[in-house]
Amino acid sequence: MAINSRCGLACKRHSESGEAEYTNRVTLSPIEALARYWTSPTEHHTQWQNDTAPLFSRLLEAAQYDVHDQYQYLLFMFGHIIPSLGPYPQRWKSTMTTLGIPLEFSINYQKHGKETVRVALEPVSVVSGTDEDPFNLITTRKFMSDIANLGLESFDMELHDYLINAFFPSANEIRDLQASGYGKRGGEQKSPSAFGFDLKAGGCITVKGYCHLLLKHLATGTPVSDIVREPLVRLCRQMTCSAAFDLMHDYLTKSSGYIKHTFLSWDYVPKEKSRLKVYSGSTSISLEKAEEVWSLGGRVQGEEISEGIKLIKQLWKTLGLKSCTDNTAQPVELEFDVNEEAQQKFQPPLTWNYELQPGISHPLTKLYFPVHGMNDLKVAEALSKFFHFLGWHDQAESYLSVLRDL
């Protein structure tokens, strides 16, 4: 038996006929195998692959995906996500992350069921931001066409087509934006959309779309509340969630909750099964504001709402969040700058979404706690404590070690 430190074991044995037979066992992980045998078509792809694929692989391992799923999702990453990150180093500054990177990984934890790795992407190409595609519309459409051709289970484009037609700026509106000089500074939001992918155990990929309303608002001068009203009234009537929309729209309108950075998301499934989400934010960061948002200003009551508020208070306390109340109710202004000094001064707003589901009479609220700029270890320790509070003891015990291994 010969031992090869690079490839594993090379074993020689004799068959019944006496002839020598050689067997080789190469012990490569999925990411190692693909790194060795996958040929990237361009140097840009190679650089993005080196920067992103190892972390993505560690996330799959941390979430305990089996080897078959790891290979499948790494191939999806190599074949569809990495080619959509554009030139390297990046020229297009994405507004999806505060550092301008058009890619974000996360793990979703649930009380019951397996952790799910998620990938969020703002597709970028060599023409993004050029005169050919100043607001990334051509690149976005091509990417979505490629995803549609994958034949994913239950994949449906009807909601995509409806919402993009309603909320993407028209060709004339794009020309007006260009004429106004918008998008020349570099820190402004220019792309109207992004995508999310939930990578389920067993190889099922579910897709979510995100549509920002800012460009439509700036191009037309129409308030965001007016932009969304008629298209969403029609859609929610078809989705049998009109009552939930009316509650949400009334609260957001009367509380100045529709901001220029409001955006929508949906599932790429038939609309009778899809969720529709409306995202907003506030510079008033306090428990009182969080409770108001959770109950839509008292419009939704009941045991579930009360229990949710208890959990909000507990997590707020565990994280050690401080109030930053803006009594002047200024609109949320987000400027995206990779300058280190600007990053240190950035104060994220309190953000949330309202989820409208077919047949459900009130919105379901999800809050996002503003932890940007806080010590990562302290946040992780707080989440571990909160998992214990929820009774998620397995997740609580493993969470810190999982983060360290990443």
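Each position is counted from 1, following the chain as shown.
Using the three backbone atoms N, Cα and C, a Cβ is placed for every residue, glycine included.
TrEMBL: automatically predicted annotations, no manual curation.
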Name the residue, out of Tyr368, Tyr399, that TrEMBL lists for the same dimethylallyl diphosphate site as Arg118, Lys208, Tyr210, Arg275, Lys277, Tyr279, please. Tyr368
Rounded to an integer, what is the Cα-Cα distance in Å between Tyr368 (dimethylallyl diphosphate binding site) and Glu104 (L-tryptophan binding site)? 16
Row Tyr210 (dimethylallyl diphosphate binding site), column other C-beta within 10 angstroms, all chains, value 21
Give the residue from the binding-site residues Tyr279, Tyr368 that has the most other Cβ atoms within 10 Å of its Cβ, counting over every protein chain displayed. Tyr279
Filter the binding-site residues Arg118, Lys208, Tyr210, Arg275, Lys277 down to the ones within 10 angstroms of Glu104 (L-tryptophan binding site), Cα to Cα, kept in sequence order. Arg118
